[in-house]
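What follows is one structure encoded as structure tokens, with my remarks underneath.
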Amino acid sequence: MQTTRSTRLLSLARRFVHTRTASQSAQNSKGMASGAESISGKEKTTHFGFQTVRESEKEQKVHEVFEQVANSYDVMNDAMSLGIHRVWKDVFVERLGPTHGMRLLDMAGGTGDITFRYLRYLNNQPNPQQRPSHVTVSDINQHMLNVGEERAKRLGLTTDQLSNCTVAWQCADAEKLPFPDASFTAYTIAFGIRNCTHVDKVLSEAYRVLQPGGRFMCLEFSHLTNETMQWLYDQYSFQVIPPMGQLLAGQWQAYQYLVESIRRFPKQEQFKQMIEQAGFDQVSYENLTFGVVSIHSGFKL
């Protein structure tokens with residue numbers, strides 16, 4: 001059933017792309033040129049997808065993207081990945097190996113996918129000592145958190161509905177967290193760090209709020225290990241996903257940015273070095289689906 005629906009969506013998207021690709025490419029090129037021309041003076045610049053923007057602009061632009069896609073975010077994840085994102089997230093939480101007594105910060109937690117898996121994993125583990133656990137779901141976009149909280153209520157995964165586990169939802173910037181030093185035993189961020197302006201600051205803040213022995217884990221789109229497969233994946237990403245976003249969510253530009261941000265993100269080894277530079281030890285990564293995504297892990301020792 002899922003395969004049939006996904007195939008139908010892909011077919012519709014491919015037909016739709018022929019009516020939009022040429023004009024959209026022209027608009028993107030114009031936007032990139034005008035964006036570059038408008039940047040003057042000494043203010044630092046960064047990338048927003050393939051565009052060059054002022055650092056002060058990127059946060060607002062990313063915020064606007066997720067405001068636009070919040071209500072359709074989970075549906076689009078299923079459509080874009082043909083449902084495989086569910087498997088990636090399951091593996092991610094299994095690699096974390098939640099235990100009772102853990103204090104987790106789920107950064108860029110948005111609509112709650114990682115947190116809900118964490119809570120269900122805990123529920124399946126015996127807890128004879130009744131050790132209390134906690135998770136803080138944090139995101140820079142309040143709209144995404146609102147969607148997540150409503151999902152939690154429907155799924156029966158709120159503090160009132162759980163035993164020996166509390167859940168908090170808090171809007172926060174990953175680059176300047178409002179939490180005390182050494183306040184969490186684990187930090188997760190899934191498909192969020194590439195949207196941040198200063199990845200080094202995000203990693204530094206993650207290190208700060210973790211307790212000694214705490215674990216940092218990141219699930220993020222990455223780069224395929226085979227050049228031919230990377231080319232095929234790029235064709236799918238750029239030719240299918242934006243029109244699919246238009247068909248299902250009425251958002252071409254938002255999903256154009258998302259695929260561009262994936263291509264701009266550092267390769268696995270480079271990101272591994274960035275995690276090490278933030279102070280983490282025993283840093284490693286694991287490729288899933290030939291490197292479409294990678295799980296990065298490090299410890300604060």
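Glycine is no exception: its Cβ is also placed from the backbone N, Cα and C atoms.
Note that the structure is a prediction, hence the values are computed from the model and not measured.
DSSP gives Thr111 (S-adenosyl-L-methionine binding site) a coil state; it is part of no helix or strand. Its Cβ taken as reference, Thr111 (S-adenosyl-L-methionine binding site) is surrounded by 24 other Cβ atoms within 10 Å in the chains shown. Per Swiss-Prot, the feature S-adenosyl-L-methionine binding site maps to Thr111, Asp139, Asp173, Ala174.
The annotation compositional bias 'Polar residues' is assigned in Swiss-Prot to 20-31.
The region 'Disordered' annotation in Swiss-Prot covers 20-44.
Residues annotated as transit peptide in Swiss-Prot, with sequence analysis given as evidence: 1-16.
In the three-state DSSP classification, Asp173 (S-adenosyl-L-methionine binding site) falls within coil. Residue pairs drawn from Thr111, Asp139, Asp173, Ala174, the listed S-adenosyl-L-methionine binders, are separated by up to 16 Å at the Cα level.
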